[in-house]
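Comments concern the structure below.
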Amino acid sequence: MSEVEKKLEMFVTVYYSLNVTLALSINILLLFIMKTTKSSLLKDMQYYLFNTALFEIIVSLSTYFAQCRPVANKSTLAVFCHGPCKYFGKNTCFVTFAVVQCSVVAASFSILLSFYYRYRLLKVNFKKKHKHATTFIIFSFFPTVMLLFQLLTDSNFAIVEAETREMHPDYDYVNNALIGFSDSKSPAAIIAQSLISLGVYMSPLIAFHYRRKINKILSTNTGQRIPVAYCKQLINGLLIQTLIPFCVYIPPYSYFLYSQLSGHSNLYFEYLLNIFGSFTAFINPLLTFYFVLPYRRALCKKVFKYFPSISEEGTEITTFPTTVQFQRGHTASTKF
């Protein structure tokens with residue numbers, strides 16, 4: 001094991017511990033605020049925000065449990081797992097790695113689902129619970145298929161280890177569990193990788209598409225069932241939540257695809273891939289608190305009231321009847 005890898009292992013151990021602590025704390029707080037805050041501004045939007053928070057919890061737990069980094073070889077894909085999963089066997093690490101990949105994409109898709117719901121709510125009446133259930137089932141199909149193809153990909157760990165030791169003899173094989181895919185060019189592996197790539201690269205484009213459609217509806221209709229300013233702020237928050245993974249995850253993921261084709265790998269990028277994938281687990285709930293006004297006010301009223309330095313002005317929970325028609329020029333401004 002090189003000195004650089006030793007330092008990186010120490011860093012990621014500390015990072016994943018902090019990440020899972022922050023992510024669980026903030027997401028559980030968000031779920032508590034969701035449960036105790038009632039506002040007609042949100043309607044059934046809380047189901048979709050709850051869905052995102054749930055996937056972020058899965059992302060934080062699975063990335064901490066695995067602490068994995070993929071290493072591209074010529075014909076195989078190796079995965080070094082430094083997390084607690086290594087104490088439960090290689091098969092446990094293999095399943096956890098598949099869950100990590102799929103949960104990151106599923107969390108991103110859950111934000112797109114919120115975009116879709118907001119668009120449908122403005123376009124047509126979309127409030128029946130069975131319609132929500134149908135939508136969740138349809139959108140869960142993509143991550144589920146991705147997970148199945150990952151689990152069905154050839155995974156002869158002995159073949160993976162033999163090629164990895166040949167190409168990367170200086171890596172740490174003592175303190176990590178080595179798993180991976182023995183044939184990275186097989187149909188199942190290609191399909192799984194294509195689905196992940198599709199989810200990573202297409203999410204921002206889909207988000208921009210629905211943002212444009214929603215803004216078009218808001219600009220062409222002066223009367224809305226919800227305040228225009230609130231809706232625009234919510235949509236901007238969802239867009240930022242979609243773009244953050246795009247900005248931080250695309251560079252290392254693109255290099256990972258390149259390394260699979262070239263057979264060359266960089267130690268730093270290997271670690272960065274899943275570090276950036278887990279980064280949003282505690283960032284997204286913070287953005288939800290900021291951009292979803294009823295939750296921000298509830299947070300200030302129930303939590304920040306214990307901190308004298310934070311003003312309580314404008315923290316009351318305000319709800320709006322759904323039957324009232326709001327004009328753009330009469331949208332109330334809120335102090336924060």
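Backbone N, Cα and C atoms are what each Cβ position is placed from, and that goes for glycine too.
Quick look at what Swiss-Prot annotates:
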- 14-34: transmembrane segment (TRANSMEM)
- 48-68: transmembrane segment (TRANSMEM)
- 93-113: transmembrane segment (TRANSMEM)
- 133-153: transmembrane segment (TRANSMEM)
- 188-208: transmembrane segment (TRANSMEM)
- 237-257: transmembrane segment (TRANSMEM)
- 275-295: transmembrane segment (TRANSMEM)
Sort out for me which stretch, of 48-68, 188-208, 237-257, 275-295, has the most Cβ pairs below 8 angstroms to the transmembrane segment (14-34).
48-68
Given a Cβ distance threshold of under 8 angstroms, which distant residues of the chain, six or more beyond its ends, lie next to the transmembrane segment (48-68)?
12-13, 16-17, 19-20, 23-24, 27-28, 30-31, 34, 42, 79-85, 93, 96-97, 99-100, 103-104, 106-107, 110-111, 113-114, 117, 136, 241, 274, 277-278, 280-282, 284-285, 288, 292
With pairs restricted to those 6 or more apart in sequence, evaluate whether the transmembrane segment (275-295) and the transmembrane segment (93-113) have 3+ C-beta pairs under 8 Å.
yes
